Amino acid sequence: MSTTLESAPAAARPQQGRYRSTKVRRQRVRAAWTFLAPMLVALTLVAGWPLLRTFYFSFTDATLSDLSNVFFVGLENYLVYDDGQWYGVLADPIWWRAVWNTAYFSVVSVSLEVVFGIIVALILNAEFKGRTFVRAAVLIPWAIPTIVSAQMWAWMLNDQFGIINQILMALGIIGAPIAWTADASYSMWAVIMVDVWKTTPFVALLALAALQMLPKDCYEAAEVDGIHPVTVFFKVTLPLITPALMVAVIFRLLDALRVFDVIYVLTSNSTSTMSMSIYARQQLVEFQDVGYGSAASTLLFLIIALATIAYLYLGRNRLNLGGDA
Amino acid sequence: MTSRQFNKLATRLGFWLLVAFVVVIAVFPFYYAVITSFKPSSDLFRVELWPSTWSLANYVQVFTQRSFIQAIFNSILIATSVVFIALLLGITASYALGRVRFRGRSTVLLVILGVSMFPQVAVLSGLFEVIRALNLYNNPGGLILSYTIFTLPFTVWVLTTFMKQLPMELEEAAIMDGATPWITITKVFLPLMWPAMATTGLLAFIAAWNEFLFALTFTLTDSQRTVPVAIALLSGGSAYELPWGPIMAASVVVTVPLVILVIIFQRRIVSGLTAGAVKG
């Protein structure tokens, strides 16, 4: 409480306590809900209600051309045993391939982004001439639309005329051009490379913000004691920035689990790189099977929800939702 | 030269090499797109770091396509409207969440965080139905509506952290003068929140400008496309030979404004991105 209130009329009537328990407080709480209402209505319209409808559609035989006249089919879209054969999303090997692809993509690309992000953050944290310029340069991949960066890389990775094949061949690393985006054994790596290029800046910025909040004195102490900088990094810096890195990791992981556009542009609907989002959208839009596609979307939602809940549970002490205003 | 001096020099050299490497990796793909876009189609398939002949043919081809100009117009209209709506709803909501203590506040914050983690594809079929029911399919209105799903939670979240940092005394003075919460927001907080609103508005603009999945699904005809979809769907006469020159020209056209924005506002963008995560 500040001095402003001490001299206020509310203080003259101590039996009513601080202004928080008075008419002003009630007015403020009412205003708060009034102000929240438009946002809550908007979120219900674009997020809550559509999500419920997706759950509902996943138990029906809805098609894209006819969403109103649908029959309830129970769990048939998920899993059904019919005539000695299993059907449904959970029995589809392509779905499981998509789950595996998404998990592989998420783990590998986020790990690489964290490693490179820390390196870039350490560079940007050093004092040197032209730091602002380097920071702007590093931000460029982040600002470029994913679609555009996918096209730019598709051009550089072009099998016949791409610069990457030319460089690798000139250096004698490969003997013949590689079809990066078409060859199943390379296409996932092409996708990961583009994603790492595009999102490392985000991780680097979060790591940099954490680095800049570190206390200076332990570094001075380490320098006086003559401890090697690498040891200082692993024993002091890394443990101190881990909480901030965990936030970056969870943001990136949740983003990577729903990956769509980079894969769609680079490799289209090829099975070797298909993610869960691509699978669900293909069923929904291209095959017009809203029921089946909704079942896949629901499963993706559950996977991401479980990941989020697990994170919130494990890190609930860390994530402060702000008890104080 | 002592070994100590030598070590110091080697470290410095290594550091600068690392800096150069990072800058080249970050900038080169964009640079290569720019020089490709200025090549005449006869030189397109010759790999070189500096074009031997310059040509504007690719840009002429892109800008004579009516659908591409229309796509730029659609993207500007959609991104601007999305920013306006997100800021309008976001500033009032963030006042409630950042300045007032009330029951259910943490729940609302948790819901907002939850929505921002949403996989977009999970609402695709439901949102498709909503958009068709509102008669907004294949219409910029449908995209403006659907983009609030990711811009609004983010805007509210970041503005709330900024709102919390403003001093309590300001608001108390306003309350003592008998100002209603609406007056408090518009007369006291709004002038102070401009920097934060510029930051979040910029980030929301970039997010809406770059969105792809909804734009691809909720539009049907070329005249209603946004820029990312127009670029992704650019294809030449044959399915096997993509028109790389025009694709790169179009990519450069839509990216240059963003790159300029980033260079001008890099400090703001950095603070906005980190406020959304670190302080959250």
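Backbone N, Cα and C define each Cβ position, glycine as well.
Residues annotated as region 'Disordered' in TrEMBL: A:1-22.
The feature transmembrane segment is assigned by TrEMBL to A:31-52 (among others).
The domain 'ABC transmembrane type-1' annotation in TrEMBL covers A:99-311.
The transmembrane segment annotation in TrEMBL covers A:103-124 (among others). Sequence-distant contacts of the transmembrane segment (A:103-124), counting only residues of its own chain at least 6 positions beyond either end whose CB sits under 8 Å from a CB of the stretch, comprise 131, 134-135, 138, 188, 191-192, 195-196, 199-208, 210-211, 233, 241, 245, 248-249, 252-253, 256-257, 259, 263, 273, 275.
What TrEMBL records for A:136-157 (among others) is transmembrane segment.
Positions annotated as transmembrane segment by TrEMBL: A:163-182 (among others). Sequence-distant contacts of the transmembrane segment (A:163-182), counting only residues of its own chain at least 6 positions beyond either end whose CB sits under 8 Å from a CB of the stretch, comprise 154, 156-157, 189-190, 266-267, 270.
Annotation source TrEMBL lists transmembrane segment at A:189-212 (among others).
The transmembrane segment annotation in TrEMBL covers A:232-254 (among others). Beyond the transmembrane segment (A:232-254), the same-chain residues lying 6 or more positions past its ends with a Cβ under 8 Å from any Cβ of the stretch are 106, 110, 113-114, 117-118, 122, 199, 202-203, 206-207, 209-211, 214, 218-219, 222, 304, 307-308, 311, 315, 318.
Summarising the annotation, TrEMBL assigns transmembrane segment to A:292-314 (among others).
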